[in-house]
Amino acid sequence: SPTCTGADRPCAACCPCCPGTSCKGPEPNGVSYCRND
């Protein structure tokens, strides 16, 4: 089954950010990342 995306990893459609993190971005490189809340 899909797993959650950990902090400081790119947000992925398959795998929501893990509890305590949320998708932030996009950053200067154009990628959004899961970051600690």
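Even glycines carry a Cβ here, placed using N, Cα and C.
Fair warning: this is a prediction, and the values are worked out from it, not measured in the lab.
When Swiss-Prot is consulted, the disulfide partner of C15, picked from C14, C17, turns out to be C14. The disulfide bond recorded by Swiss-Prot for C23 joins it to C11 [selected from C4, C11]. Nearest Cα neighbour of C17 (disulfide bond) among the listed recorded positions (C4, R9, P10, V31): C4. The Cα of C14 (disulfide bond) lies closest to that of C4, out of the recorded positions C4, C23, Y33. Sequence-distant contacts of Y33 (site 'Critical for the neurotoxic activity'), defined as residues of its own chain at least six apart whose C-beta falls under 8 angstroms from its C-beta, comprise D8, R9, P10, C11, C23, K24, G25, E27. Around the Cβ of C4 (disulfide bond), a 10 Å sphere holds 14 further Cβ atoms from the protein chains shown. Separation of the C-alpha atoms of C4 (disulfide bond) and C15 (disulfide bond): 5 Å, rounded to the nearest whole number.
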